[in-house]
Every structure is written in C-alpha cells, then in structure tokens.
Amino acid sequence: MLKLLSSSSRNLHAHIASPCLRATPAPNSAGASGSSSSPLLRAINSIAELSRGSSSRHPNSFRRAFFCSDSSSSGGSDGTGSGELVEVALKGDDSDGDAGDSSSSSSAIVSTNPKLEDYLTIAMCYGDGNGLRRVLALPLPHRPLFPGFYMPIYVKDPKLMAALQEARKRQAPYAGAFLLKDEPGSDPSVVSGSDSEKSTDSLKGKYLYDRLHEVGTLAQISTIQGDQVVLVGHRRLRITEMVSEEPLTVKVDHIKDKPYNKDDDVIKATSFEVISTLRDVLKSISLWRDHVQTYTQHIGDFTYSRLADFGAAISGANKLQCQEVLEELDVHNRLRLTLELVKKEMEITKLQELGLETDDKTALSEKFRERIEGNKEHIPASILQVIQEELTKLQLLEASSSEFNVTRNYLDWLTVLPWGNYSDENFDVLRAQHILDEDHYGLSDVKERILEFIAVGKLRGTAQGKIICLSGPPGVGKTSIGKSIARALNRKFFRFSVGGLSDVAEIKGHRRTYIGAMPGKMVQCLKNVGTANPLVLIDEIDKLGRGHSGDPASAMLELLDPEQNANFLDHYLDVPIDLSKVLFVCTANIVDTIPTPLLDRMEVITIAGYITDEKMHIARDYLEKSTRDACGIKPGQVDMTDAALLALIESYCREAGVRNLQKQIEKIYRKISLQLVRKGVRGVSEAQVLENGKASEEKVDNAEKISAESVEGNVEGQTEVTVAEAEVVLAESSSDQDSNPTDQSTESKDSLETAEQEESESTSTVEKVLVDKSNLTDYVGKPVFHAERMYDQTPSGVVMGLAWTAMGGSTLYIETTLIEQGEGKGALQLTGQLGDVMKESAQIAHTYARVALRKEEPDNRFFANTKLHLHVPAGATPKDGPSAGCTMITSMLSLAMKKPVRKDLAMTGEVTLTGKVLPIGGVKEKTIAARRSGVKTIIFPEANRRDFDELSPQVKEGLDVHFVDNYSQVYELAFDNDQN
C-alpha cells in the first residue's frame, strides 16, 4: 500500500533523513479521524489534475511526492512487507509548491488505490522498513473492533494509561485492540458487563497475553478523557510474540486480505445479497442508518472487504461470530459469513415487529376483555355482541391502518362505560334533610322535592331518574344546591354547561367516520363518574344556541325525555344507553327562552330569591365563616354588627341572590386583613427603633402604664399597645443602661425572643376590628342603592306599582301629569322606555279610566279635554309587561279627581277593557320588594291568592294583602277616604 507525502523540492533531504514527520498533526486532532477523507481525496484529485494539465502552464516547475510502502500493500504473500520511500516528480505551478511548505508537509495519509481503511500517518513508516511492529495490547471484553469503527473503552491501569498518553505525545497514537477470550470453564452468557470489566482490569502480563485472541485491529487513539479512551479501527493485526508485560506490549504483523477477483460473479452476487439484506434492515433500524452515514464519512466508498466488515460490525451477532469474520482473510468467505449474520438479523427484526404487533393486539384485546369480565351479567346481550365483533375485527386489522385506531378507540369507549353499575342510593330522609340544611338556608321547595324523591325511592326499593329544572335569578344557589343534592342522595356528580352551545354533536356525539370523532357529553359523563345513576347538572339550559350544526335544544329532547332516554342513542357508540336512572337537574334564569317541547319534559321549581332575613342568616351562617377562613382571620378578630350587615344587604346587595353579598363580605375581610398586617409591621418597626437604644426612662414608665391599660382592655375597640410591646420597651431600656456591648447584644436577643413569645400569646387579646354601620363606607364605599320609596305620601297622579326583574322584585312608580287642556285635546303621551305590551296596557288604562271617571263623576270631562303625559321612572331601565294596568288606571284617576291614593299602598295586576283583573307572575319577588320599601298594603289579583298562600310566614308577616278580581275593588281600596 502506498502512502502519500507531498513536499517541496527544497525539503526533500529533510524528509529522507527523518521519515516520521514532526509537522504531521496528531491523528486525534479535530478532523484527523472525522473528516480527513474529504481533503485527502481532494489532494489525490489535485495531483491527477496537475499531472494532466499544469505542465503546459509552468513546464519548469515541479513537485515531489514520496510514497511509503507498508505491509498491507506490499506484495509479500506472508502478509508482511518492508516500507520504502518512492519518489515521484509531479509538474506543478510555483504557487502550489509554496503551499506545500505549510500544508502538504502536514497532510494526512491517503491510499493510492485509494483504500481508506488503511489510512495511517507517516509516523508508521520507520526507516528500518519494519513498519509499526510493536504496539500496546488493549483487551476488548465484549466485541472485536472492526476497521473503520469507533469503540470507547475504559482503562483503569495507570501504567497503561500513561503509556497511551506518551504514545500520543510521540505522534504515534496507535495500539492493538484484541478481543478477550472467555475464561475456561465459564459461560459467557451469564457474566454481566460489570463483571467482565472487573475481570479485564485484573488481568496482567502473561495471563492477559494468553487470554487475547491472536487476530485484532490496529486502533488509532482518537481521544482520552479521564479513564475513557476512544479507539478508531484501521487494519487487521496478528500477534507474534509478547515484548513486555506491564503494560502489555506485543509484536504484531500487519495482515492483508487474500487476493481475489473483483469480477467474480459469486463475490458480486454475495455482496449484492448482503447489500439487499442490509437495505431491508436499515428501513426498520434507524441506528444502522447512522452507522452507514458515519462509516462512509470516515472510510469512504464501500468495497467488498469493507462491506463484509461493516455488516458484521453493526449486526447483533455474538463476539465469537464477529471475531470469526475479523479473522477471515478470504473476502468471499468473509462476505458469506457476514451474509449469514445480517440474514439472521433480518429474521430477528421481522420476528420482533411481528411479535410487537401481535403482543400489542393481544394486550389490547386482553385489556378490553378484562374490563367487561367482572360485569358481563349486567351488560346487555346486544352490547356484548357488538364488543365481541369489534374484538374479532381488531385482530384482523393491521396495526398501522387507520381503521385499527378507530376500532381500538371504539372498543375503549364501549368497554369503559359502567354498564349496570349503580352507586348505593341513600334512602334516609333525615340524613338527606340534614345534608341539605347544612349546605343551604331556605330553598324549602327544592329540598321538599328532593325528600319526596327519596321517599318514593325508599317505598319502591329503587330510584328512577327525574328531570328537574331550577329556575331563578343569578346567585340564589341553583348550581350549588345540585352538588348538595348529589351528596344527599349519595350519587356521583357531573356538571356541564350548555350556555351558547350550538353543535348537536356535543350532545349526541360525532359519527365514527369523522377524524377526531368523540362521543357526546352524556357518554363522557358516564365514563368520568363510573356509575350509571349519577346526578347530572345541566347548567344554563335557557341559553342554548343554534347554529349551522343543528339545534341542540331539539337534541336535548331525547336526552331529557323519561320515555326515551332509557334507549338513548349516541352517534359515536351507535348502541342504546340506559339513562333512565340518571337524575337530571337543569338550571335556568328565565324559562321563557326555553323551547316549549323541552320545557314540557322538565319539572320546574322556581327559586324566587332571598328576603333580607334569609340573607342575614346566609351571611352569618355560611358566607362570613367561609370568607373568614379564606382570609386567614381568627373568629375573635372581627366583629360585624347586625346593623352593618343589614345596611350592607339593603344598600349594596339588594339583588335576589347572595353572590354580590359574598363579594362585599370578602371585600370587607380583605381590607381588615390588610389592616391587621399593617399593624403588625408597624409594631415590629417600633420594636426595632427601641432596640437601637433610643428609649429613655420616661418611655419605660409610659410603657408600664400602657401595658397596664392594655391588660384592662380598650372598651372602644381602638388600637392598643400590647403587653408584648411593653416588654420590648422594658428590655431595650435596660439594655441601654448596660455599658457592656456584649451584655447589651445578649439582652437584646433575649428581649426579642420574649417579644416573639408574648406576641404569639397575646394574639387572642388583640383588639377586635369593629365593623358597624357608621364605618361601613370605609370598607365598601358609598351605597349603591338608595331608598326605592321616592314619596312618603304620593301626590295626585302618582301610584306605586310592583314589578318583577331578573334581579328579583322592585317597586315601580307610575306618574301622570297634564300637559295642556282644551276642548277636544284629550290625548296620552308615554315615556320611560316602555315595551310594546306596556304601551298597550297604557292605552287600555286610558280608555278604562275615562269610562270609570264617567261613572264616578259624570260631569267631569277631564280625559276628553286634557293631554296627559304618563312616565315610568327610571327612564334608563327598559320595562315591559302587562301587570301595570291597575297602577296606570289608578294614577290617571287620581290626577283626574285630584285625589291622592292611600298611604303605604302598592298594587299590581293586568286589567282588561271591561275592568277584569287578570293574574300576574312573580308574587314572591313583588312581595319582597314591597316589604323592602316599607309598604303595608298590597293589592294582588284574586287568581294569585294561592301563590301568596304558599309563601313563607316571614315574607307575609306584617302585610295587609287584598285580592281583587275587578278594578272597582281596586278603586275602593285606593281612594278610601277614611284611610286617606
């Protein structure tokens, strides 16, 4: 084999005198082992180009190249040869010659064939022609090192490591890597890697030499980091004899492949089969692809011998089979051995893939079967049949097909549902009553309905599902009562909101043919809760949307129909699901927006809201306790008086619910928390000032007095100086009087410890923060609501009505005044942002008032000759509804007759043209509004007597309620002269 050394003509003698170039870079330097092939090939190409074409440009210029012959390229049949320098004159330009002084002298080694596995530095070419005959012997415990491959080993022997580092310094970083033989009488399959490494480190001298295989690899020492040495295989070696024992050094012969015919058909066919097999394996093993890329980068193009080495090196064969390939010098036999190894690797890969695929399918099938095994008797026969069919289908599908994933997901949903799995019902009415009362105050209608449900279930022995709709304003506890009901019934709880929902698939699921298909909310609910009889809270059912994906309200009909949901059909599962045991609780603010067919399927329970007394109880028993715990305040640190709480409810939180009341209470407690923290920080800063020694004897006396006062307590609840602070003052003052700085610091530490201890003890004696009506504005600001009552005594033309709002009930004044009078100028003008229904009520009231006035005062032509203006404050609030008819008629008659109505009177009711008073809604809300405004007398339609009787005694207490069915009765009550 010829090795290239370029040099200028003036350095010729220097090269001959010293064949081991000092200017040659270390082989372990960057690029020596990683990217040396590319520049070397470019060097060969440039030499060829120079020999072909540069002589015409510079006929007088030339360069000289020296080739070193070694054993791998010599013609000796014994595998050995002598190195010799051959001079070749190459024509070239002067610039190339100049460049050769600096770069060519340090060029790496290139094969003239080129055979890139034989790259070595010129340091291997000794002057005596013997080549690199003596090398350090490195034992390899696991696998042999093939030419062209990297291998990291760990060297624990310090002498061997020192020898390797010394070899690198001499610019000859090479060693022999030889596979270690198995210990006689041992089974290599049961020896762990750590044991092998331990046994390798303990081998020395002659014993190690006897354990080494005869054929190994000349390895370049690429890097040394700590005790790790990275080797790069270059060529085959054969050990001839041992030179020294520590470190083990051996004489070697460089062996080469036996001559072979490159055009031999058998060799070609064998190599093609190896390449074909490798290609198939490379498709499934990405690590092998990395090996190919690295190998070709450092070694170059494949030849028959390199192909055999590569296939054996990356195969999973054991070390003896790999050693057999390494020792084989016949290229054809080596290819045959490699072919056997890669074929075996291919079969193993196929078996692994098949086994993984089979194991994956089997594991999935077993998992699905285990899910249904313990519950088989409860699963309907039709469902079991579908599951069995899908399991059979799963076994026939390829794991890589899309249908496999669809079937797997389908089986996952089918087998995870709780078929026939029910939680134990609670039929204890008293326990359920206790749980409901513990979580919520009031809401007697809802609680009574749940207790009825439990009682029926106890008598029947089983509980059926129901559909209940809780209707009421925001903040009255519709959602939270659902959780309490689930706890009282011992059922799992699941909530989902349908507000703004516009896709039917959210309820009924997607078809399985769609990508990313999923079941509907109910199937997801059953999977999450794990039982077939949960309590499902469907929130905001009055806010269902409608879009291009269908009408969800119509899709809810099947879900909430007791006659249909026993066989609810989800589009994804496509099998009937029994939802008859599910208790559905829906929430809504207004039932008017719920479609009639859907509303017909639900049992509506109206939650009107809370009166002031109920809000007081809720604030004391629930909101204040939870807020105090959330803010970290102890029970004795805050005292909120009833007057402050009442003012908070009436002036800040007048709405029907208690959500805003909770926010205001949280606001108060947050501010109190800040006050307490600031007081604590201020107390610490004062203690630090006293600690600096600025306190005097007078301050000590004052501190004693203040501490005595703090022990007695401050009646007014103002800020006090605690005993702990006084103790700090005393301790610091005494430390000031001490002249010894050491004693001063010691006593200062003691005083701080005393202060900390007494501060923790005096937490209970900290003054209470008093929240009263007088300082309520400091915490929550100015009142939001003012008194609804605008008049202590309503003037003529003004009457108080009652209205229902989403926030609850409110009083509503209706004012009528005249604009102008004149013959035939009777007309009516309306303001106050009234709706169409309310405008029609005003027209009816105007007509009926003229008829009623003619009956009472036949000569009075007020309405015929007067233009009236009727206004309903406040003007910014939209108003609509028919229930203001009585109030409007009374207001007009009061103005016409110049008679004010009786004091403390409020009324509501729709009036027809004939004077009939029709029923209205929101009786409880309107009654609460009347009580809040201090009204004592209320007029309701006769048809609403039953609604009023159902109200709690707290709401009806102190009210004088009259029920009328004709406006003439309203007239008598409103214009009673005795009452006026």
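In case you wondered, yes, glycine gets a Cβ from its N, Cα and C as well.
Where the annotation comes from TrEMBL, it is an automatic prediction and has not been curated.
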(request) Give the range, chosen from 692-718, 854-880, that TrEMBL lists as region 'Disordered'. (result) 692-718
(request) Provide the number of Cβ atoms within 10 Å of the Cβ of K926 (active site), excluding the reference atom itself. (result) 29
(request) Taking the Cβ of S883 (active site) as the centre, count every other Cβ atom within 10 Å, in any protein chain shown. (result) 26
(message) Give me the CA-CA distance between G477 (ATP binding site) and K926 (active site), in Å, as a whole number.
(response) 20
(request) Enumerate same-chain residues with a sequence separation of six or more from V476 (ATP binding site) and a Cβ-Cβ distance below 8 A; give 'none' if the list is empty. (result) L443, I607, A608, G609, Y610, A656, G657, V658
(request) Rounded to the nearest Å, what's the C-alpha distance separating K926 (active site) and S883 (active site)? Just drop the number here, would you? (result) 11
(message) Suppose we draw a 10 Å sphere around the Cβ of K478 (ATP binding site). How many other Cβ atoms does it contain, all chains included?
(response) 26
(request) Can you grab the distance from G472 (ATP binding site) over to S883 (active site)? Cα atoms, rounded to a whole Å. (result) 20
(message) Give me the count of other Cβ atoms within 10 A of the Cβ belonging to G475 (ATP binding site).
(response) 20
(request) Among all chains shown, work out which of the binding-site residues P473, P474 has the most CB atoms within 10 A of its CB. (result) P473
